[in-house]
Amino acid sequence: MATSCATPGCTNPITKPLACPKCMQFGVRNVFCGQDCFKANYSEHKHIHTTLLKQQKEQQQQRFVLPEDTGLSCPITSPDTLKKSLPSWAINYDFSGPLRPTLMSPRRTVPSNMRTPDYATDPLGRSESEQRDKFSNNNIRVYGPEELEGECNLRYACQMGREVLDAGGKALRVGVTTDEIDRVVHEACMERDCYPSPLNYYNFPKSVCTSVNEVICHGIPDYREVQDGDIVNIDVTTYSRGGYHGDLNETFYVGNVDEDGKRVVQTAFECLQAALAMVKPGTLYRDLGSTIHRVAVANKCSVVRTYCGHGIGSLFHTAPNVPHYHKNKAKGVMKEGHVFTVEPMINLGGCDDITWGDNWTAVTRDGKRSAQFEHTVLVTKDGCEILTARENEPVMRWDPDLIQSMKLKHLESCLSSLPNRGFPNPKIELEQYPTSVHLASAIILSALAKGDAGPGTSVLDLGCGTGVLGLGFALVQSDMVYLIDCDPEALALARENVDMLLEEELVGRSCDDEEGCIGVELIMAKVKYNPQKRSSKGSGGGRGHHGGRDKKGKGRGSSNRSSTTQDNVLECNLADDIDDGIPLSSKIVDTVITNPPFGTKNNEGIDLQFLKTAIRLARNAVYSFHKTSTRPFLMKLLKEKWGLNAEVVAEMKFDIPNMYKFHKQKCVDVNVDLLRIFWDEKEDNVDSVDGLASTEVDDVVDERGEEEEEEEDIER
């Protein structure tokens, strides 16, 4: 903060500083000791404004050309160490906050026959039509029905923008890169035959702006991974083949956002909501800023003054200018047919901003977070129409679930609507007890946070039951989910759940459709048995998740503590035992989730067979439930003998119904770990698992059995 008066030679102490408002517009704070001193010196002081204006124009001219591309981008196939390195301009750069850029992917291309705006092929990205409009037209354009309606006109461009933003928002999750969001947005534009308006606009290098945390606007997508607790703004503009732009943006919560982050996001939403409520014929454009200012200040936030809303339509940016701060000098009165954007940028701290060395990214000067929402609106006879609104949402309504990348409460609500969450007639021998909706949601979001679920991934639920867990993976937009079980009655219940989600359009088409499959496929597994003889301290026979009782019909009560012949041991290899010729041989999905039998002494070894099969089927990771008491030897087995990485993702209790009398625990709660097993070099590790001899499995089972029996003796 300045400690002396800006008037040369003035030595008066500054008790109540008076800042020059014109300097503040340029992001410079010059203060005076009082009003009299300011007025007396203004004739000299105003020359500073000329210098600042010149500097600002030079900065804007620099935007025409990005810094040399050397050290800015690298192919997506490059090593992570290279992709996540600083761009050349950022080395030794003095950042205002904790966010750091990385390299980005090369610029994406568009088809040669696509209609593009005039700046798309300009070497400097200049829009000649905008420049002509700026110097020759002072009027605000009025759009009529012939320009608003039609297959590819203005309203259509805005609707396409909404669809593209929704696609980008669905792809947003912990661990995804903003460069991946750019890919999703770019491809969504191509699918709709729309040009992504930001691409090459004054040489902007990407198809969307992604602004994270302290970035106010114009953030360039790169290889940085989105972190838990980030707030991320996605700003989309589409240019239709009819020659019109549609512009909108939203700020999303990612994972667990703190209270300050939620406050600034909700404040930004409420600022736009309040401003749009004023839009109608006769309203002064300058009056929106005062309303936005009052809402922001009431929530202890500030309004960015450097950037404003704008007219839009056949031009990306045109009259009117729509400032968001109070006491602005905007010209113009709203009339029916005017089309423009309102997009207040709201900061947690001060309103001042600076621009990074990439000549685009605007960040808060104090490094505190910023949020923004934007809509394109049409002034109507009685008010306004939000052209970029969600379907069936003509008026903005605050719903935090809509801006959460995937919130636990929202996922629980979807799963709770399933008609079959449990078993009306559970089969004891299959250990059929339901997975609670809360537990399933927590598991799914854990996988989502690790990048093992969501867009671009395929998931297999091994032993799916009624499909609650697997369908949760479909709800978080996993590309493909396979539900596998050996019980036809369970699969029938799962089918009813799938049909309900299809009817509500919460997942894609069922794979029974002839046109192809997007979403969910149910598979009936034929389980085969391999009678094996081995020495065991456990009882003979019995099977768990996918099997039946032993030939003598004995359960845990028939325990024989001598060497026995164990029949009907599940050979958990589904390679040759899937209906319809589905080739479940190896590495067919990204992620496998399985809940192997673990509650009975009669099931010794089967959980390891399940785990081995799951590892064989997965390309990236396996999520598997195991009793907490088995954690030490399982970790040793996975890491030392099988050469895999393993971590405990969650610790929980399973509520086992009293009907399962053969469970070892006397209480109904079983302490369970959710393990995530993953690997660096897939081929080598899977080979080591495939080569595991059955005697090694037996040795591990015996080791576990001895540990558990010691615990049982202590309990007795």
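Cβ coordinates come from backbone N, Cα and C, glycine included.
The protein binding site annotation in TrEMBL covers HIS218, HIS317. Listed in sequence order, the residues of the same chain lying 6 or more apart from HIS218 (protein binding site) and placing their CB within less than 8 Å of its CB are PHE204, CYS209, SER211, TRP360, THR361, ALA362.
Every protein chain shown contributes to the tally, and the Cβ of ASP235 (Zn(2+) 3 binding site) ends up with 23 other Cβ atoms within 10 Å. The Zn(2+) 3 binding site annotation in TrEMBL covers ASP235, ASP247, GLU374.
Residues or ranges marked as Zn(2+) 4 binding site in TrEMBL: ASP247, HIS310, GLU343, GLU374. For GLU374 (Zn(2+) 3 binding site), the same-chain residues lying six or more positions away in sequence with a CB closer than 8 A to its CB are ASP235, ASP247, LEU248, ASN249, GLU250, LEU272, GLY309, THR341, VAL342, GLU343, THR388.
If you look up TrEMBL, you'll see 543-555 marked as compositional bias 'Basic residues'.
The compositional bias 'Acidic residues' annotation in TrEMBL covers 696-716.
Sorting each residue of the domain 'C6H2-type' (2-56) by its DSSP state yields 26 helix, 4 strand, 25 coil. Sequence annotations record features per position, and here TrEMBL assigns domain 'C6H2-type' to 2-56.
Secondary structure of the region 'Disordered' (104-132), assigned with DSSP and counted as helix (H, G, I), strand (E, B) and coil, comes to 9 helix, 1 strand, 19 coil. Among the features that TrEMBL reports, region 'Disordered' is placed at 104-132 (among others).
Among the features that TrEMBL reports, region 'Disordered' is placed at 532-566 (among others).
Summarising the annotation, TrEMBL assigns region 'Disordered' to 686-716 (among others).
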Other than ASP247, HIS310, GLU343, GLU374, the chain contributes near Zn(2+) 4 (Cβ within 8 Å of their centroid) the residues LEU248, ASN249, GLY309, ILE312, PHE340, THR341, VAL342, HIS375, THR376
Specify all same-chain residues, apart from the site residues ASP235, ASP247, GLU374, whose Cβ lies within 8 angstroms of the center of the Cβ atoms of the Zn(2+) 3 site, ordered by sequence. CYS209, VAL236, THR237, LEU248, ASN249, THR341, GLU343, THR376
How many Å lie between the Cα of HIS317 (protein binding site) and the Cα of HIS310 (Zn(2+) 4 binding site)? 6
Within the predicted model, mean pLDDT of the domain 'C6H2-type' (2-56): 79
